[in-house]
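Taking it in order: structure first as structure tokens, then the write-up.
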């Protein structure tokens, strides 16, 4: 009899209950006890949602991030928070955000600002989830504190849950971190493993039979040293009284199959969506006692599983494995929304093609029933699934011959600017007349309660189009006045009218659909609601021109047009799986190209095309990067390069460790790139030690994800560090990212200090010819 289990459940709640509880606590509006109560209620409800499973994950819930929780479980706390005597949860928030609440801290451990320096944040493998990077040094020590995990396990057991604790494995944990002193992370493995032994013993003592130990690092290309680390680690853990389910996901094992199959664990989970080709070889490699868990329901996308086709493949596997077969989603369901049944306004036909987290668990129920008791026992469910899958395949809404013809007509010239960068730069300098070290922002300003209320009322039909436009124009005017008062050089209209940098565009493109409650966690309390790219994409009308033109009418300074690039639109959407992603990306590129042309016709001479998610789409295996970067860069160039030399094209990339893709970024040929660098203390600019980047660059000078306010001198120091690698005449000064999640009382002083820093740098340049 096959068993079912889950690797993890979305923690934010069907109505984003965790988000609102966190933000209330951070603002000082509610107590820690109230926050803990919300967490307990969410865990209880989520365990109920998974009640039909044979094993339910415990420990997948985190108030901020599961990697951060693992750091605290292992006693790996940054020194800068060790002096705080507060609750561990507050210390976790200090590491993640720079402070535990949005009030002044009584301690200051950073020269840059009040509070402490926030931990570095980066993408979780190739997803849109972000984790707080563990910090290591040669002197790092570990000490177990499993109190939170053990409390959740006891909570689940008391609720009658068949609990399977979930932890991040030791090798992946080390790989996820960064050695701040340049020491060898793997040198810490021998210190770390005894803490894992102690943790597993504590879980066994608390009644756990199985522990899921996540090692997604196994789907990446590992050198011999890291492969050996897996053998060392799991031979050290093999005496544990609990049974270990080693979980891999997000890709194929390939050359790591033998390693994964022969590690001394009781079971192995593989992603049978992206790594199906691993399964047949593993069947021959696995010892006869070992469980094989197959992730047969896609945990990263929202399309219904074709249950009939899955059973056709799975039934012979079940015959060979018998009771050693477990089935599950491919990965944690953290990456999909909670419940499709909440969607009361989604197009009915499109809704019938989808499955969110709860529906994916129901798909597991149908699959295991068919495997264990025959397809006849779930014939009605299988028939309904088959009808939905057939309808999607055959729907005329999915295919647009005109769009396919436009993509077929793309030529190499479609992605070429009229002149090389040096020629363009001279024309742009003469036209824009910007000072040295020009200042700008990345696009968005705070989305206030008034803005959100106006948008809600407009969508609910409580105010008409004229009233909504007037409200948005008032907000745009406020943003423009604030920027002029601060002395910024290139302004933005503030994006008051935009709910999300992807959803806003998707709502105006044919081929997209939208949920009301399809939220997924990006980091901490930050949630995104990815659009659903279900068919060929067409732009019926201009999307941003009216708002940008209005913003420009209020100022004599340059106003940036703000667009989301095709690669980011793709990577931050739930993308159709019936054609190559490259094809969908080119369709999106043509829609953005048309919008760029319309902005230019409206007199906009600075246009930013955000590609925040360019790196996110990189395959986990470096050997596959060239293909992805080829079509991604081509798509950006198609979108950006239909303009005159005088029009300055910007692009923005956040959280992008881009040292290893700098040549591809240069090939995009944007006139200006702005990037996230402040959390990494300009380490991201190391790429320029060995690569002469030809165009202009704005290294982010303060971390917008933290409420801390940088000092002018801190910003000056960062830009001086940047000027060691980038010629000062090609440097811009800007925040790391958009400001929509911040408050005006944070934004104004931070930008004021940024402008003050620019003036200091200009004065120094005039006196010495050097920055500052």
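Note: Cβ is positioned from N, Cα and C throughout, glycine not excepted.
Taken verbatim from Swiss-Prot:
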{"type": "BINDING", "residues": "16, 17, 18, 19, 123, 526, 527, 572, 616", "note": "5-methyltetrahydropteroyltri-L-glutamate binding site"}
{"type": "BINDING", "residues": "442, 443, 444, 495, 610", "note": "L-homocysteine binding site"}
{"type": "BINDING", "residues": "442, 443, 444, 495, 610", "note": "L-methionine binding site"}
{"type": "BINDING", "residues": "652, 654, 676, 737", "note": "Zn(2+) binding site"}
{"type": "ACT_SITE", "residues": "705", "note": "active site, proton donor"}
The one of 495, 616 whose CB sees the fewest other CB atoms within 10 Å, among these binding-site residues: 616
For L-methionine, whose listed binding residues are 442, 443, 444, 495, 610, the greatest C-alpha pairwise distance in Å: 13
Lowest local Cβ density (other Cβ within 10 Å) among recorded positions: 16, 652, 705: 16
Secondary structure of residue 705 (active site, proton donor) (DSSP, helix/strand/coil): coil
L-methionine site shell beyond 442, 443, 444, 495, 610, criterion: Cβ within 8 Å of Cβ centroid: 441, 492, 501, 562, 608, 652, 737, 738, 739, 740
Neighbours of residue 705 (active site, proton donor) among the binding-site residues 16, 18, 444, 495, 616, 737 (Cα to Cα, within 10 Å): 737
Nearest of the binding-site residues (16, 18, 123, 495) to residue 676 (Zn(2+) binding site), judged by Cα-Cα distance: 123
Cα distance (Å, whole number) from residue 442 (L-homocysteine binding site) to residue 737 (Zn(2+) binding site): 6
Rounded Cα separation (Å) that holds between residue 610 (L-homocysteine binding site) and residue 616 (5-methyltetrahydropteroyltri-L-glutamate binding site): 13
Cα-to-Cα gap, residue 16 (5-methyltetrahydropteroyltri-L-glutamate binding site) vs residue 444 (L-homocysteine binding site), nearest whole Å: 22
Protein Cβ atoms within 10 Å of residue 444 (L-homocysteine binding site), excluding its own: 23
Alpha-carbon spacing, residue 616 (5-methyltetrahydropteroyltri-L-glutamate binding site) to residue 442 (L-homocysteine binding site), which is rounded to whole Å: 19
Binding-site residues: 527, 737 - member with fewest neighbouring CB atoms within 10 Å: 527
